[in-house]
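Enquirer: Pasting the relevant annotations from TrEMBL:
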type	residues	note
ACT_SITE	His233	active site
BINDING	Asp237, Gly238, Asn239, Gly240, Arg241, Leu242, Ser243, Arg244, Tyr274, Tyr275, Asn286	ATP binding site
DOMAIN	144-296	domain 'Fido'
Amino acid sequence: MYESLYKIYYKRNTEWQGEYERRINSVEAQVLPLTVSQYGHSEEYRAFFCYTKDAAILQERIRQEFSECQKLIYRLPHSAIAFFLRASIVDEVKSTNDIEGVHSTRREIRQALSMTADERKSQRMGSMVDTYLRLLVREEICFAESRDIRALYDAFLADEIRLEDEDNLSDGTIFRRNSVDIVSASQKVVHRGLYPEAKIISCMDQALMVLRDEAIPVFYRVALFHYFFGYIHPFYDGNGRLSRFITAYFLAKELDPVVALQLSVLIKQNRKRYYELFSVTDASINCGDMTTFIIGMLEFIAQTVSYTRAILEEKERLYLKNREKIKDIAGKNKKVFVFYDLLLQAACFSDCGATMQDIRKFTGKSENTVYAYLDKIPADMLLVDKKYRPYHYRLDLGKNGCE
C-alpha cells in the first residue's frame, strides 16, 4: 500500500528525505506545473504524483463496478430513473451545503426543482438546482481558462452567496481581490488561499491545463483539480460546493449522472476522511506528493459507484416485489395498470412522489384523463401530499399487501 510522505516522516524519519527524492525522480512520477506550500511554512514544493498499483486497481474497480451499475440503470424503467435522479439532486444539494455548514432544507430544494428555469432565478437554491440539472442532460461546460470558472461560479453560486452574505461575493477582475484564510473550528488558521489575484489566475489556468491534459488518466486529473481548487481557494465563499460540483460534472460525463449525484452524500458521510486528505496533502512534510490524494479520491469514486448500485438494487427489489401485487389489484385493465405502475415507481424511487406534470409526461395523458384514472385507484392505496404545491402522488406501500 502506498504510504504518504507525511506518514513516513513520523514512522521512519531517517528514510523520509531519501524516499521523497526517490519518488519525485522515479520513472513512475509525473511532475506538475504548480507548487504547494503549507501555511506558516517557508518550504515550497513542486507538485507531483506517482503511478501506483493501488491507483490502477481502484480504476479497474470503478470501471467493473460501474459496468454492473450501468446494466441496472438500463434495466429499470426510464421514469423510475427520472424519479431517482430528482431525489438525488435534493440529496446532493442538501449534502454539499451541509458539508460547508450552509443551512438548506429539502423542501426548498424540491420547490426549486418543481419550478421553471425562469421561476428558479428568484428562488433560494434555484441557481444550484438549475446547474445540477445541467448534469442530467450532459450539457457541455467549458473549462479552458479562469474566466470559465468565474462564469460557472456566477451561474451556480453567486445568487446563493448574495442571499447568505453579499460581502462574500467575488470582487476582483475574475476572482477575489483580497486574501482569505480557512480556519478550523477552534478558529486556528489552517490554510491561506493564494494571493494576489494575478497569482490566483495564473495558478488556476495551470490547474485547468492539468484538468485538460489527456495524457493523464481522467480520474487522476479530476482528483488533482479538486485538490488544487481547494488549495488556490479562488473565492471568498463557495469553493467547496463549486469544486464538488465540478467533480460531479466529470463523473457524470465519464460514468453517469445517476452516480455523480451521490458524490456529496458519500463525502458528507466520510467528512473527516475527506478533510484529512487535504490536510495531509497540504503538509510541508508531504513534499507536494499528490498520490495519496488521488488514491483517496479514487476510493471515494469507487464507493460512490458501489453505493449507487446498492441503493438501486434495493429499490429495484422493492419495486419488483410490489409490481406483482399490483398486477393482481389492477386486474386485466392494462391502462389502469400503467398508472398503478407509475405511482409504484414514484413510491419506490422518488423521495416524495410524482407531480401531475410527471404523470402526464410519462403516460402521455391529459390532466382530466389522469384524474379519471386516479379515481379508479382505491383512496386508501393512494397517497397525495398536499402540504405544498405542486401536489405529489404515490402508492401507499403499506396498503393492500404492498410493502
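In case you wondered, yes, glycine gets a Cβ from its N, Cα and C as well.
Automatic prediction, not curation, is the source of TrEMBL annotations.
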Enquirer: Could you tally the C-beta atoms, other than its own, that fall within 10 angstroms of the C-beta of Asn239 (ATP binding site)?
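Expert: Asn239 (ATP binding site): 21 neighbouring Cβ atoms within 10 Å.
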Enquirer: Could you say whether, by DSSP, His233 (active site) belongs to a helix, a strand or a coil region?
Expert: coil
Enquirer: Sequence gap of 6 or more, C-beta under 8 Å: which same-chain residues meet both conditions with respect to Asn286 (ATP binding site)?
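Expert: Non-local contacts for Asn286 (ATP binding site): Ser4, Leu5, Tyr6, Val280, Thr292.
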Enquirer: 10 Å Cβ neighbour count around Asp237 (ATP binding site)?
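Expert: By my count, 20.
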Enquirer: Tell me, in order along the sequence, which binding-site residues from Asn239, Arg241, Tyr274 have their CA within 10 Å of His233 (active site).
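Expert: Neighbours among binding-site residues, in sequence order: Asn239.
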Enquirer: For the domain 'Fido' (144-296), what is the mean per-residue pLDDT, to the nearest integer?
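Expert: Result for the domain 'Fido' (144-296): average pLDDT 96.
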Enquirer: Looking only at Cβ atoms, how many others are within 10 Å of the one on Tyr274 (ATP binding site)?
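Expert: If we count other Cβ atoms within 10 Å of Tyr274 (ATP binding site), we arrive at 18.
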Enquirer: How far apart, in Å, are the two Cα atoms that lie farthest from each other among Asp237, Gly238, Asn239, Gly240, Arg241, Leu242, Ser243, Arg244, Tyr274, Tyr275, Asn286, the residues recorded as binding ATP?
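Expert: Binding-site diameter by Cα atoms for ATP: 27 Å.
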